[in-house]
Amino acid sequence: MRLVRAIVKWATALVMLAVAGVLGVGLWYIRAVEPQVSGTVTLPGFEKPVEIVRDAEGVPHIFAASEQDATAALGFVHAQDRLWQMEMNRRIANGRLAEIVGAPGLETDRFLRTIGIRRSAEAIFASLDPETRVSLAAYARGVNAYLTTRSGPLPPEFQLLRVPSPEPWTPVDSIGWSLIMALDLGGNLNAELSRLQLAQRGLSMRQIGEFLPAAPGETYPALPDYGALYRSLGGETRRAAALTRPFEIGIEGVGSNNWVVSGGRSETGKPLLANDPHLGLSAPALWYFARMTSPAGTVIGATMPAVPSVVLGRNDRIAWGFTNTGPDVQDLFIERVDPADPLRYQTPDGWARFDTAREVIAVRGAPDEVLTVRISRHGPVISDGASRGATVGAPPGHALALQWTALSPDNLTVQAFARINRARDWPEFLAAVRHYDAPQQNMVYADVDGNIGFVAAGRVPVRKAENDLKGLFPAPGWDARYDWAGFVPFEELPQEFNPARGFRITANEKITPEGYPHLLTYEWATPHRADRIAELLGARERHSPASFRQMQADHRSAAVREILPLLLAAHPSGEEERRRQVPQRVGEVVAALAGFDGTMAVDRPEPLIVTAWLRELTRLVYADELGPNLFPVLWDQRQQFMVAVLSDTNGKGAWCRGAEAAGEPSTCPALVSRALDLALADLERRFGADWRAWRWGTAHDARSEHRPFSRVPALAALFDVRVPVPGDTYTVNVNRHTIRNEAEPFVSRHSASLRAIYDMADPERSLFMHSTGQSGLPTSRLYRNLAERWAAVEFLPMRTQRNDIEKGAIGTLTITPR
């Protein structure tokens with residue numbers, strides 16, 4: 001027995017030592033991987049000493065003797081705090097994900113290699129002015145200074161995936177990520193593919209126009225019927241759609257808010273400006289706060305790791321904010337391929353040869369995949385990219401090519417940002433954004449002199465009068481009437497300066513006045529957010545930063561207030577003689593919804609119930625019509641369409657009869673009733689039997705997902721950031737859910753990625769906040785420390801005074817040149 005006890009004792013001791021060793025290694029790693037934020041480092045790539053003060057929230061304040069050194073320091077701190085994010089973003093842009101994640105990365109790689117993000121970035125770099133190339137090079141020097149001098153271990157993602165140390169950063173890498181952001185905000189490609197697939201499904205032009213309607217205030221033109229041509233493209237369409245599907249380009253509800261008021265509408269007597277761009281949430285956040293001071297001036301705000309400028313922010317004279325204009329800057333062209341030679345295609349002037357690009361995709365754990373991308377006069381053939389191997393041996397017929405403004409070699413967007421950062425007044429701001437090409441943005445402006453302004457800067461193609469498709473459907477590439485006829489001149493883009501009404505709002509709604517001579521798009525966002533912002537602005541004569549915060553926090557859904565009365569009116573409980581036939585729980589729920597004002601609060605059941613009700617109703621109304629392949633892709637709330645169906649506008653209630661083929665009731669009231677029953681059953685399965693205990697916040701959390709570990713259940717809890725949030729797709733405080741996600745239909749993965757409020761009476765009182773934290777290390781206290789405050793619409797002060805930022809600062813680092 002003594003021997004047994006001795007063995008147990010020694011075994012226990014050994015286990016404890018092993019555990020202690022593991023804990024010790026873990027604690028060592030947590031400390032060792034943290035970046036150096038204090039002391040002195042000697043680095044290559046700098047001309048003079050630079051000082052970096054990190055405030056209490058980890059925001060770096062860079063003090064440099066030259067603009068180049070400030071830009072290099074920005075690259076250095078980006079690499080210190082967000083190295084994995086930069087590596088992942090670069091791999092996305094360059095189509096090199098499969099190198100590290102294997103086959104799951106192939107879809108993304110194929111698409112981005114096919115459209116040629118890297119090829120375009122290289123061409124754009126050659127077109128930039130010397131000043132911008134110097135700035136990009138300085139930023140790359142800063143990133144590489146960190147890569148070549150770091151002494152600690154790499155972030156955990158490198159360790160877990162066994163990814164080698166990053167390659168040196170290049171200016172082309174920065175341009176590539178700016179093109180990815182343009183892709184993220186450009187939605188017409190998928191809209192055209194959707195219309196094409198609906199036509200191939202057999203829907204008439206009228207039905208397609210009803211299901212994917214023009215925005216309020218717009219009317220589609222009479223469209224030619226290319227049905228026979230479109231039906232001949234079945235394979236090409238499926239390949240192109242499969243290629244673009246992972247990106248969810250152009251999903252409903254994507255957008256942003258900004259508004260600006262003049263001093264006459266402000267309690268301070270000077271302009272106030274608010275901005276909250278709505279983008280996909282990620283962990284760490286897309287944004288990284290930073291400040292740079294050099295002889296060129298001081299600029300502070302939201303940067304993007306990979307980009308050498310403040311994207312949204314202020315300097316000591318002006319502030320600016322963006323929302324997506326949503327223009328139609330992507331067109332699909334059907335190229336007729338020579339049956340005898342797949343490298344020739346028809347043009348208005350006869351046969352021409354495709355250019356080709358050979359792309360070799362390295363795949364971890366598998367052989368390389370080779371793509372031969374054909375490129376027509378319009379652009380890359382995207383129907384090639386979803387097939388494996390070389391495509392020149394594909395059957396003859398047709399191909400789908402993409403023309404997109406962002407891929408142009410003279411896309412000077414990165415050139416514009418450095419000039420925006422230095423602009424001192426409205427003329428200088430306009431001169432800077434004249435170079436801004438993609439994606440077109442609604443830019444609002446304010447300055448300390450009391451001026452406000454707006455311009456929708458970006459490159460938008462001019463479509464000929466005889467172009468009867470107007471970018472809505474793929475066009476025959478051999479017909480010259482569908483060719484672009486240049487671009488809208490900058491002077492003719494929507495813009496205004498010091499409007500007499502004293503404010504400007506943009507929320508992705510239609511911005512062009514009646515009689516505007518150019519077509520920007522038919523696909524503006526619905527005006528629910530813009531109307532609500534206008535309502536809140538009009539509720540008081542003068543505003544303050546506090547009232548702007550209340551506006552950004554507003555989560556009363558104008559869309560719910562619009563559609564809920566139609567649902568209630570159609571439900572049988574609204575009819576006296578049928579009310580007794582409704583089950584008690586259903587009657588209680590309907591009574592509760594009758595008193596619901598559309599406030600999508602986390603602590604109420606009504607937002608969850610009405611959202612689930614609409615989810616089931618959309619399924620019943622159009623799932624059969626779209627079919628099993630298209631419906632899962634196009635399933636969305638479809639607010640404008642559903643309101644028209646329930647109102648029976650111009651006979652659109654006929655869509656409710658589409659369920660007859662599946663044996664379902666054939667009227668809208670019957671479907672409304674059945675949808676509520678299905679919704680309540682689904683919610684009971686998910687959240688329990690007591691509907692009064694259901695909470696919107698339980699189902700509707702904001703999910704900032706890590707790339708790629710959000711897809712690994714064992715790691716997601718460490719790397720993802722989750723927090724309950726109010727709102728919906730159409731509230732000012734946007735938190736967009738994706739009803740097509742069967743497992744998590746109410747989770748928000750798309751929200752106000754950043755919020756900012758600028759006070760031009762005293763820019764030091766300006767505020768900002770993003771969704772996670774400054775650090776990209778999940779073991780750092782700065783990885784998720786902002787999430788709950790962001791969800792509560794709280795803010796950090798956007799201060800630049802030295803004594804303010806040094807209070808509670810976590811460190812001061814001095815860079816000396818090597």
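Here the Cβ of each residue, glycine as well, is placed from N, Cα and C on the backbone.
Record note: TrEMBL gives ASP328, ASP331 as Ca(2+)-binding, and the candidate from GLU192, GLU210, GLU218, GLU466 in that site is GLU192. With respect to their backbone Cα atoms, ASP328 (Ca(2+) binding site) and SER256 (active site, nucleophile) stand 17 Å from each other. For the pair formed by GLU192 (Ca(2+) binding site) and SER256 (active site, nucleophile), distance between Cα atoms is given as 23 Å, rounded to the nearest Å.
Rounded to a whole value, the Cα-Cα separation of ASP331 (Ca(2+) binding site) and SER256 (active site, nucleophile) is 24 Å. Take the mean position of the Cβ atoms of GLU192, ASP328, ASP331, the recorded Ca(2+) site; other residues of that chain with a Cβ within 8 Å of it are ASN188, LEU189, ALA191, VAL329, GLN330, LEU332, GLY471, LEU472.
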